[in-house]
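Here the structure is laid out as structure tokens; the discussion comes afterwards.
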Amino acid sequence: MGQSSQPHELGGGLKSRHVTMLSIAGVIGASLFVGSSVAIAEAGPAVLLAYLFAGLLVVMIMRMLAEMAVATPDTGSFSTYADKAIGRWAGYTIGWLYWWFWVLVIPLEANIAAMILHSWVPGIPIWLFSLVITLALTGSNLLSVKNYGEFEFWLALCKVIAILAFIFLGAVAISGFYPYAEVSGISRLWDSGGFMPNGFGAVLSAMLITMFSFMGAEIVTIAAAESDTPEKHIVRATNSVIWRISIFYLCSIFVVVALIPWNMPGLKAVGSYRSVLELLNIPHAKLIMDCVILLSVTSCLNSALYTASRMLYSLSRRGDAPAVMGKINRSKTPYVAVLLSTGAAFLTVVVNYYAPAKVFKFLIDSSGAIALLVYLVIAVSQLRMRKILRAEGSEIRLRMWLYPWLTWLVIGFITFVLVVMLFRPAQQLEVISTGLLAIGIICTVPIMARWKKLVLWQKTPVHNTR
């Protein structure tokens with residue numbers, strides 16, 4: 001691919017409808033459909049509190065991130081802001097951790113999609129489906145950011161329609177007007193051991209499970225930097241995040257726990273949404289949910305490729321990754337970053353097949369606490385960035401509520417959750433693995449500093465990498 005004459009300027013090909021739909025569906029992760037049954041089995045109907053707490057945390061984090069992103073829109077998003085507010089080492093570390101998170105998402109989501117397709121066409125092996133899906137989406141991302149936006153627009157629209165239809169059917173059933181099944185009311189919320197059958201500890205445990213579902217809400221601040229009016233889109237996405245979480249998560253999960261017993265045998269294996277459809281005697285419930293999950297994981301895979309490549313591009317532009325990763329093609333797409341991110345994802349698949357199981361388990365576990373670590377860095381960055389922006393005389397057009405007290409509360413809450421995870425056997429290895437990976441990245445700072453002759457331990461100005 002030929003290089004652009006302006007090798008460090010990304011295109012602004014995302015249209016308003018692309019960014020709008022991305023902001024609406026960006027909070028709808030595939031794990032809402034795949035993993036919600038695990039959280040429900042853990043906490044019972046009180047899983048609603050788990051989603052509420054996790055949702056409130058995301059609302060706070062998005063508000064903090066938006067304050068910084070509106071002031072200085074940047075493809076590197078929170079990594080760039082950590083660079084300026086905390087220090088080069090912080091932006092460097094969290095940028096690479098975030099890139100690694102999405103690199104791991106690529107093969108995991110591709111495998112889920114491939115398994116669904118394999119169940120439809122058993123003659124084609126799973127690995128071939130996975131390869132074809134990944135290469136097809138990589139090719140789409142290489143062409144232009146407009147391709148990513150257009151593809152994601154339709155995938156996101158399908159997710160939104162599916163969830164709204166599910167909520168509508170559930171509401172009709174709860175109201176007692178559904179003619180094809182004898183279900184009504186919300187007694188399931190308390191008739192199987194009460195609303196909180198396993199105690200508040202189970203609610204906290206379920207919240208840790210649900211946190212992964214929300215990862216991706218921040219992508220809109222990365223994508224908006226490639227639109228014509230990033231500030232407008234970021235403000236709109238931030239102001240609407242409350243109703244998006246309320247509708248897509250709280251309302252849909254309420255329908256689930258109101259209609260089916262939380263301790264129903266086989267709930268984890270069948271899935272919560274499919275269980276509701278089967279209860280309502282919807283024909284081909286499994287096929288319907290397979291289609292919805294396939295669309296969702298494809299959307300997530302598409303976004304993973306986009307996000308990983310943009311973070312790698314931003315790291316390169318700031319001197320925190322080799323300069324070759326900042327090259328773009330004629331359509332102003334960071335093609336080297338896209339290819340290297342896909343290559344790294346394929347490498348993890350090779351490790352899965354040929355390395356000892358413990359090695360691959362460490363790689364997967366190392367991404368477990370990255371979401372919370374990213375949120376913690378965003379909160380600390382916003383706490384310090386407000387003062388920096390004021391000192392520079394920059395206009396702060398969107399403000400975090402009750403600054404700095406609410407920011408400190410969020411920092412304290414995230415720290416508390418990480419400590420709790422450290423002492424819970426189910427999440428202990430994730431925190432330790434993520435911590436070891438972060439320490440390993442930090443240890444490369446002196447090497448990068450010597451190689452690039454940079455002072456990575458100082459705060460530096462934000463350089464827009466659009």
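Residue 1 is the first one shown; counting continues down the chain.
A Cβ is built for glycine as well, from the same backbone N, Cα and C atoms used for every other residue.
Keep in mind that what you see is a predicted model, and the values were worked out from it rather than measured.
Now, the feature entries from Swiss-Prot:
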- 2-20: topological domain 'Cytoplasmic' (TOPO_DOM)
- 63-96: topological domain 'Cytoplasmic' (TOPO_DOM)
- 140-153: topological domain 'Cytoplasmic' (TOPO_DOM)
- 175-199: topological domain 'Periplasmic' (TOPO_DOM)
- 221-246: topological domain 'Cytoplasmic' (TOPO_DOM)
- 268-286: topological domain 'Periplasmic' (TOPO_DOM)
- 308-334: topological domain 'Cytoplasmic' (TOPO_DOM)
- 380-402: topological domain 'Cytoplasmic' (TOPO_DOM)
- 424-428: topological domain 'Periplasmic' (TOPO_DOM)
- 450-466: topological domain 'Cytoplasmic' (TOPO_DOM)
- 21-41: transmembrane segment (TRANSMEM)
- 42-62: transmembrane segment (TRANSMEM)
- 97-117: transmembrane segment (TRANSMEM)
- 119-139: transmembrane segment (TRANSMEM)
- 154-174: transmembrane segment (TRANSMEM)
- 200-220: transmembrane segment (TRANSMEM)
- 247-267: transmembrane segment (TRANSMEM)
- 287-307: transmembrane segment (TRANSMEM)
- 335-355: transmembrane segment (TRANSMEM)
- 359-379: transmembrane segment (TRANSMEM)
- 403-423: transmembrane segment (TRANSMEM)
- 429-449: transmembrane segment (TRANSMEM)
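In the predicted structure, the topological domain 'Cytoplasmic' (63-96) carries a mean pLDDT of 90. Taking residue pairs at least 6 apart in sequence, the transmembrane segment (200-220) and the transmembrane segment (335-355) share fewer than three C-beta contacts under 8 angstroms. Between the transmembrane segment (154-174) and the transmembrane segment (247-267), three or more CB pairs separated by 6 or more residues in sequence fall under 8 Å, so the two stretches touch. Within the same chain, residues 1, 10-11, 13-15, 17-19, 21-22, 223, 226, 299, 302-303, 305-306, 309, 329, 331-333, 335, 338-339 sit at least 6 positions outside the topological domain 'Cytoplasmic' (140-153) and bring their C-beta atoms closer than 8 Å to a C-beta of that stretch. Counted over residue pairs separated by six or more positions, the transmembrane segment (97-117) shares fewer than 3 Cβ pairs under 8 angstroms with the transmembrane segment (403-423), which leaves the two as not touching.
Nonlocal intrachain contacts for the transmembrane segment (247-267), taken as residues 6+ away from its ends with a CB within less than 8 angstroms of a stretch CB, comprise 27-28, 32, 36-37, 40-41, 43-45, 47-48, 51-52, 55, 160, 163-164, 166-167, 170-171, 173-174, 183, 185-186, 188-189, 192-193, 197, 213, 273, 275-276, 279-280. With helix defined as DSSP H, G or I and strand as E or B, the topological domain 'Cytoplasmic' (140-153) counts 13 helix, 0 strand, 1 coil.
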